Ligand code: UT7
């Protein structure tokens, strides 16, 4: 059975925050932020918008795009580090709000690798034959856990959501290969600091890890899929920093025009970043049926995950 994406949707909050905003209270500049990260602006959720609200908007679009009814969804997996509450989970909340049946729901925490982990998890349930339509959401409201007094992290993060309905797809389409991994010894470089409830990051260390692991994991999944880098139509790395993404692209051996870049518009949105980038390319007609995509994420944990996927239902 081939398992892939049957429906897809994204959502970003309306509020646009440009780099100049940070100049008003931090010692930074649009020039530094643009040059060092590739970020020009990001979206922040409104006061009354919680993580589950962002997830809901993207999910409605994905279910509609799949051409199924909410009651056809038989499981929900939400990748997030910023759930409204530790419990009930965002997935629990979606079950009620979307009017789903009394189905299994779970939040899944692998930080910025979360959407990769969740897609790969959903694939196993579909392939077992026990489930038919799993709603997978990558969502984060990082603005609520960002330390706005720390100039090296405040400028990086944004809010958003992406959702996919995972199920059986036409022969030859869907997930061709995948890899997941973790290294807890790097947990100290990127974590939620219990003292202030905000993100702590050692940027240099995360940077080094990211460049190495994104290149390695991408190359591994391409090889596992039995293809070469030349067969890849679109490379969609976690949108953390344009310099990290460029290094990973070079290590994989993909031309510049085949890399998806949305970090300039959305910043780093953690679990939402890969689906937001896919959404942008779909909108621009840069991803078509039967295109081969390489998706790769890395993040806190430290964790990583990569997927080769042939697009289409
Ligand atoms: O989803 C995964 C999460 N995280 C990431 O992917 C982030 C990975 N890391 C990075 O993207 C980069 O490490 C940063 C963009 C955060 C920083 O870039 P860097 O090349 O690692 O610079 P650095 O931390 O070594 O800092 C260089 C200088 C420092 O000044 P000194 O010590 O050389 O005087 C920083 O204090 O840049 C300074 N700096 C800033 N300057 C202006 C740090 N942040 C800023 C800022 N504006 N916002």
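Don't overthink the numbers, they just go from 1 along the chain as shown.
Cβ atoms are placed via backbone N, Cα and C, with glycine included.
For 106-184, the entry in TrEMBL reads domain 'Beta-ketoacyl-[acyl-carrier-protein] synthase III N-terminal'. Across the range of the domain 'Beta-ketoacyl-[acyl-carrier-protein] synthase III N-terminal' (106-184), the DSSP-based residue counts are 25 helix, 31 strand, 23 coil.
If you look up TrEMBL, you'll see 112 (among others) marked as active site.
TrEMBL lists 223-311 with the feature domain 'Beta-ketoacyl-[acyl-carrier-protein] synthase III C-terminal'. Broken down by DSSP into helix, strand and coil, the domain 'Beta-ketoacyl-[acyl-carrier-protein] synthase III C-terminal' (223-311) contains 37 helix, 22 strand, 30 coil.
What TrEMBL records for 238 (among others) is active site. Long-range C-beta contacts of residue 238 (active site), restricted to its own chain and to partners at least six residues apart, with a cutoff below 8 Å, comprise 112, 113, 210, 214, 245, 268, 273, 274, 296, 297, 298, 299.
Among the features that TrEMBL reports, region 'ACP-binding' is placed at 239-243.
The feature active site is assigned by TrEMBL to 268 (among others). In the shown protein chains, 23 other C-beta atoms lie within 10 A of the C-beta of residue 268 (active site).
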Subject >> residue 112 (active site): tally of other CB atoms within 10 A of its CB >> reply: 33
